[in-house]
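**Student:** Here it is, the structure, as structure tokens.
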Ligand SMILES: Nc1ncnc2c1ncn2[C@@H]1O[C@H](COP(=O)(O)OP(=O)(O)OP(=O)(O)O)[C@@H](O)[C@H]1O
């Protein structure tokens, strides 16, 4: 029997579940059926609340209009079950009051365990749900009313049960009709005695049906057990015919019980049919429903699975977003860091650019400072610098024994007297530089190049060559005949440098360079100006035994420089004297006679004057000049005397204190001061003269007036 009850319970349970979630599915009434139900509901409402006088053919919207303020619902409940809900505000139509009424009604429905609708259903949703709820209420109170009020007419009760039956979808409800008429309320004890399975109770309920009343349970219960006990466990032992027989027998003394047994019998028949392999139609319905629900479950499961997959996807996406956000943050930090380092680098670069700008701006000043330092070094050297150069033996000379024994790197020189032995025959000298016979013109010039450059900075420079005839003076200063650039002498190289450097300084200085050449012959200075015009073309030459190209004149090349500082506008003037002196040989060895002897004597006189700073070179050897002397030596043994004489003279010249050289600009300052002193002296002298004149005129006046000097002595 339990299996049958379970079966019935299960099937009705499904119906119940279905109706909860889809009221329009199994119990979906047709439109005509719907109208019929609505009409019956109206009829019921009018019967309970006569003052309503609802039209029998009221539409859903008409009902909504009646019910929407909730007051009718509350009245209905209080009428059916007095005190179910607190006093309702029937006349108030505020939205708050309406909501409160509906809330109270629905609360009461919940309390009774009856299905309910949502407030929104009543306000603007589907009235179908509302109507079903009221029909359920109708059914509930029809049953209760039957129990509590047995005086109701059988016709009314029949209608209510019919309505309930239709709501249940049970079709024929005749057995319920008979049953409801005869039932009575059992005591609580009787209810327990019935022992009616709760599942069975549920099985008799529709989705909108409340728990069966105690009366129904009682009346059905005790006979039901008998029936099921008959069938339980022995379907085959007690055939259906026997049950049918029982149904018509007098043992089941009340017809409602018989009706119920008819239902149970039908169920048992279905069971028997199922046993025989036949599929009852209702089973088909349940199966269809089951399949339908299984399908829905599958859909829900799929949805759930899908949802979980989607959730996983979303989670993955969230994770990716997190990672992207993290990457974005780290990139942002990296960008900020990079920007910071760029800013720092830009700042550093800016500093460097500014430093470079300052350096560029100070470039001229730095160059000037450089020049100043360079010249200060030159000035510190002070004395006449002496560079000694030894000529090589000439081509065709047979005797090649040299008087030069040793040449040191730092200007040391030892010469040997071929006629003396040992220490006595040796003499040591020390100069600024000593060049061996192998020294080239370029090497010799490179050491004096700084002096040449200082001319462009305003210094006067004098470079002269001294030595016996044929020792190489002209070679050093000018170069050999038909000289190439490689063996140019100092003069060409100096001029070349001055032009080159002045061009390099073109952006800061403008230079005007002029060259002057003169020759002094026999110290007849009055001829100098004439000879200047003649120049090298008319340079006097003669032939001596010492040197086939011996010169008996002093040749002077003077380069005048006038420079203007473009920025400051200051100017300076300087000069470079390049002197090729006449030979220093002794008259007795030159074998010159007559005019030649006379010339030699003058030359010697001139050379002697060099030691005392002759008038010729005075300006060049003064405090404002830098002076360098090339001491030229003939290495031949036969020239030993002249060589030692020349070396001694050079040694003497090197000891001459010229004082520090000064730029012509500084010289101007001194001159300016001197001029101021002179003008001051002149002014003082002028005042003295004026004072003297005044004194004289005063004396004259005293003499004329006969005033005694003593009388006015106190004046
Ligand atoms: N360093 C040298 N290398 C090669 N030849 C030289 C060198 N010095 C001088 N000579 C040669 O020696 C000869 C004499 O030189 P140079 O005329 O220059 O002497 P000097 O001292 O000028 O003589 P003078 O006083 O008579 O003019 C020339 O033929 C010259 O070419």
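Note: Cβ is positioned from N, Cα and C throughout, glycine not excepted.
Keep in mind it's a predicted model, so treat the numbers as computed, not measured.
According to TrEMBL, the record shows the following:
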BINDING   467, 468, 469, 470, 471, 472, 473, 474  ATP binding site
DOMAIN    35-142  domain 'Calponin-homology (CH)'
DOMAIN    383-612  domain 'Kinesin motor'
DOMAIN    613-656  domain 'Kinesin motor'
**Student:** Count the Cβ atoms, other than its own, that fall within 10 Å of the Cβ of residue 473 (ATP binding site), considering every protein chain shown.
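**Tutor:** Within a 10 Å radius of the Cβ of residue 473 (ATP binding site) lie 29 other Cβ atoms.
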**Student:** Give me the count of other Cβ atoms within 10 A of the Cβ belonging to residue 470 (ATP binding site).
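**Tutor:** Taking every protein chain into account, the count is 24.
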**Student:** Check each residue in the chain of residue 471 (ATP binding site) that is at least six apart in sequence and keep those whose C-beta is under 8 Å from its C-beta; list them in sequence order.
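**Tutor:** Looking at Cβ-Cβ distances below 8 Å from residue 471 (ATP binding site), excluding near sequence neighbours, one finds 391, 583, 632, 633, 634, 639, 646.
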**Student:** Are there residues of the same chain, six or more positions away from residue 472 (ATP binding site), whose CB falls under 8 angstroms from its CB, and which are they?
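**Tutor:** Those within reach of residue 472 (ATP binding site), by Cβ under 8 Å and sequence separation of 6 or more, are 389, 391, 632, 634.
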**Student:** What's the number of neighbouring CB atoms sitting within 10 A of the CB on residue 467 (ATP binding site)?
**Tutor:** 29
**Student:** Could you give me three numbers for the domain 'Calponin-homology (CH)' (35-142), the DSSP helix, strand and coil residue counts?
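**Tutor:** For that range the per-state counts are 73 helix, 0 strand, 35 coil.
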**Student:** Give me the count of other Cβ atoms within 10 A of the Cβ belonging to residue 474 (ATP binding site).
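**Tutor:** For residue 474 (ATP binding site), the count of other Cβ atoms within 10 Å is 21.
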